[in-house]
Amino acid sequence: MKNRFKKDLDSSKSNADEKKAAKDSKAKKEKKQKPDNKKSFLKDQRTRNLVGLAFLFISAILMLALTSHLFTGNADQSILNTPLSEFEDEREIRNWLGSFGAHISQKLVSDWFGIASFSFVILAFLIGFRILFGFFLLPFKQVLKYTIFTLLWLPAFLGYFFTSSDLLLLGGGVGQTINTWLSIAMGDVGALLFIIFTAIGFVAVNFKVSFAKITQFFGSEKELNESENSSFYKKEEFEKREQYLKETADEESDDEVEESQSEPQPAAIEEDENQEIALSQSEDEEKDDESDENAEEENNEPSEELEVDLKQDEEKAESGSDQKEEKDGESDEEDVEIEIEQSDEDEELSDRDVNKKVKDFGEYDPTLDLSKFKLPTIELLDDHGGGEIKINREELEENKNKIVDTLKNYKIGIDKIKATVGPTVTLYEIVPEAGVRISKIKNLEDDIALSLSALGIRIIAPIPGRGTIGIEVPNQDPDIVSMRSLIKSDKFQNSKYALPIALGKTVSNETFIADLAKMPHLLMAGATGQGKSVGLNAILVSLLYRLHPSQIKFVLVDPKKVELTLFNKIERHYLAKLPDTEEAIITDNSQVINTLNSLCIEMDKRYELLKDAMVRNVKEYNNKFINRKLNPENGHKYMPYIVLVVDEFADLIMTAGKEVETPIARLAQLARAVGIHLIIATQRPSVNVITGLIKANFPARIAFRVTSKVDSRTILDSGGADQLIGRGDMLLSQGSDLLRLQCGFVDTPEVEEICDYIGNQQGFPDAMHLPEYSDDSAGGGGAGGGGDISDRDALFEDSARIIVQTQQGSASLLQRKLKIGYNRAGRIIDQLEEAGIIGPFEGSKARQVLIPDEYALEQLLNSESEND
Ligand SMILES: Nc1ncnc2c1ncn2[C@@H]1O[C@H](COP(=O)(O)OP(=O)(O)OP(=O)(O)O)[C@@H](O)[C@H]1O
């Protein structure tokens with residue numbers, strides 16, 4: 001029974017609790033809405049104007065009334081003090097502001113604060129000014145402090161000295177009262193002392209006066225210290241002013257923050273910090289947010305009308321302002337504003353300037369062997385349609401509306417949208433409303449892309465370093481970025497990079513130039529027909545437009561036999577090849593292995609030279625050589641950069657496997673310092689082509705469009721390349737961040753013309769010769785160095801026995817049995833081949849073992865050691 005009663009009691013209690021909670025939340029909601037209305041009323045510009053003007057008016061009225069009171073106060077007082085019976089008397093009031101002026105100044109001056117009442121004039125003026133113009137003329141807190149002190153102290157001070165009835169009004173009623181109290185409490189002298197000391201105390205506390213310095217001022221070193229003291233006072237003043245300025249700034253920024261928080265359309269970039277704060281807070285208050293979500297949704301009325309604030313670059317150029325600078329316009333609170341940003345066209349030099357630079361080039365470098373060589377002229381490149389970005393407002397509006405609607409469907413409010421128009425895609429940068437979690441948008445990536453129903457949408461949430469969310473939408477009418485515009489750009493022409501490559505234009509239509517020397521190697525991948533070959537040509541053309549034949553050499557590998565053949569014409573100028581080979585462009589896979597190993601030898605040789613010259617890289621080496629600090633008779637020579645370009649790397653890996661991978665990895669690991677750089681392109685970005693070993697050594701990667709997310713991950717370690725639109729649309733990854741670029745377009749006839757232009761000039765007698773590399777088992781000079789017994793691996797003999805015992809010439813067998821890494825096993829295999837124990841590489845088949853049994857092997861090893 002008791003229990004039942006308790007239960008009833010509990011349930012009624014819980015019901016009561018629920019009701020109370022509901023009531024509370026209702027009250028809260030009402031409360032929440034009320035201040036909002038109040039706030040918006042107070043923030044309304046019209047209200048502010050009205051209130052501000054009212055304060056200025058009060059200030060002016062007071063000023064007149066109080067000033068007048070100083071002259072007319074005593075006369076008016078007698079009239080005011082007589083009972084208000086005779087209305088006629090009112091007319092005789094002499095205050096400039098009549099009865100109102102007389103009454104108010106009588107109260108303020110005579111009855112209360114005396115002439116200290118003028119403080120109210122200043123206060124009212126400062127407040128009015130602040131409301132109208134948005135900032136305080138003087139630091140308000142300080143003024144308030146001084147005003148309060150003045151209102152109390154000045155009447156006391158004046159009241160003490162001016163006691164005649166005529167001048168009584170100077171101290172006012174407050175002055176009289178304070179003086180009466182003080183003289184009762186401590187006598188007249190005590191009152192005076194008190195008044196003086198309160199003044200000194202106030203000054204000492206507020207201005208941090210150093211009494212020690214004041215005594216010095218009156219001391220024996222008076223003259224000496226005079227200058228110091230005066231500077232001290234100046235310094236104090238200076239500090240004070242500085243403090244004022246600081247506080248003013250603080251107050252202003254406080255106000256700005258207040259305003260920016262209440263008004264929903266502040267500048268995106270300036271507000272980033274606030275935005276971030278809001279986001280992080282929203283995460284903390286996750287639960288609250290969720291529970292209040294419905295209420296908020298009601299408040300967040302969807303935008304009805306969206307304003308397009310188109311800011312063309314001409315305007316920016318005229319105003320000379322930074323293109324990224326935000327400009328705010330006043331707009332209604334509910335509007336989501338779209339701001340279109342189109343970056344300035346990169347500055348281009350005139351054709352004549354470009355060609356003059358080219359002409360001057362020959363005389364610039366004293367080491368040039370071909371002093372008459374002229375770099376290709378700009379006319380050889382085509383314009384491909386002008387490269388002017390066309391802004392289609394309708395398209396922008398349409399896309400913006402789609403984005404806003406789509407996000408609205410997922411209850412994501414937007415504060416601001418900014419559109420940056422690029423050559424092929426437009427970046428819509430979104431500032432979500434405070435409290436929206438970025439993860440929410442990120443999770444909706446696919447749904448948003450689907451709703452926008454366009455190919456090539458990429459969502460970047462958040463844009464690194466910006467705190468905004470980017471949605472890249474392809475333009476309906478994309479522009480071709482001509483190689484001509486890139487080469488002509490000031491950025492390219494005046495870049496200080498050792499190996500500048502003009503890759504294309506960014507989403508904000510800026511020319512993007514990279515330094516291959518810093519990359520230091522480049523991996524390019526993309527499905528067929530997406531612009532890989534054009535990309536390779538663009539890189540080669542960039543280098544041809546900047547470097548003299550003595551400064552750079554290309555080693556071109558083209559298994560497809562058609563892509564790079566055009567460059568045959570520049571063989572004697574720019575290409576490097578193995579001695580005794582006919583063609584400089586390598587199309588045969590077995591030649592590739594020799595060339596790669598030859599490059600390894602060249603690398604080792606260059607390291608030797610660097611060591612000799614006591615420098616760390618090719619740049620320092622060449623500088624030293626140019627300054628004649630290195631003697632050519634000791635084998636020193638000017639080192640041109642060597643760029644190895646491999647098209648269709650997948651094909652190479654398929655046929656030659658590890659034999660290609662190992663020297664490539666070795667070059668990639670070590671060759672940067674000696675000026676050898678690799679560019680590797682592949683159609684098939686699968687993991688057995690772009691292996692971990694390759695990937696680890698190619699931090700810079702370019703992905704054209706690929707067919708699957710997996711491929712994109714293989715190249716870039718993240719998705720995105722599958723969402724590109726093709727035709728030169730690419731992502732560049734350098735380390736962690738991804739950059740979307742539109743690759744420069746150079747057509748085959750243009751490349752042909754450039755090659756003709758170069759080829760028709762006087763060249764070197766032959767292509768540059770790479771070190772000789774012999775592949776035959778007689779050994780000597782190989783990359784592995786297996787010819788020399790003392791250079792052999794410690795496990796060489798054990799490996800030979802395993803191979804002969806099992807009659808299998810495979811590196812993986814050695815890896816397993818000897819528990820060694822692939823590289824070491826590969827090296828041992830090379831040494832075994834050179835020692836004549838196993839046969840040459842035969843593609844996918846295991847190598848043939850040339851020694852039939854262990855007995856024959858021991859004989860071979862013994863004879864070798866005897867000969868050594
Ligand atoms: N940057 C670009 N701007 C405009 N169009 C481009 C660009 N790059 C490529 N294209 C277009 O795409 C076509 C294919 O390009 P490209 O030959 O470079 O593809 P690919 O990836 O090398 O193909 P494959 O692997 O089959 O050789 C070009 O003929 C051209 O029309």
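Note that the numbers count up from 1, one per residue, in the order the chain is shown.
Backbone N, Cα and C atoms are what each Cβ position is placed from, and that goes for glycine too.
Positions annotated as ATP binding site by TrEMBL: Gly526, Ala527, Thr528, Gly529, Gln530, Gly531, Lys532, Ser533. In sequence order, Gln683, Phe704, Arg705, Val706, Thr707, Asp711 make up the list of same-chain residues 6 or more apart from Ala527 (ATP binding site) whose Cβ falls under 8 Å from its Cβ.
Annotation source TrEMBL lists compositional bias 'Acidic residues' at 249-261 (among others).
Residues or ranges marked as compositional bias 'Acidic residues' by TrEMBL: 282-307 (among others).
For 308-327, the entry in TrEMBL reads compositional bias 'Basic and acidic residues'.
Sequence annotations record features per position, and here TrEMBL assigns compositional bias 'Acidic residues' to 328-350 (among others).
According to TrEMBL, the feature domain 'FtsK' maps to 509-713.
Feature annotation from TrEMBL assigns region 'Disordered' to 1-39 (among others).
Residues annotated as region 'Disordered' in TrEMBL: 244-354 (among others).
Among the listed binding-site residues, namely Gly526, Gly529, Gly531, the Cβ with the most fellow Cβ atoms inside 10 Å is that of Gly526.
Within 8 Å of the centroid of the Cβ atoms of Gly526, Ala527, Thr528, Gly529, Gln530, Gly531, Lys532, Ser533, where the record puts ATP, the same chain has further Cβ atoms from Gln683, Phe704, Arg705, Gly726. Residue density at Lys532 (ATP binding site): 26 other Cβ atoms are found within 10 A of its Cβ, drawing on all protein chains shown. Per-residue pLDDT, averaged over the domain 'FtsK' (509-713), rounds to 88.
Here the binding-site residues are Thr528, Gln530; the one with the fewest Cβ atoms within 10 Å of its Cβ is Thr528.
Within 10 Å of the C-beta atom of Ser533 (ATP binding site) sit 21 other C-beta atoms, taking all shown protein chains into account.
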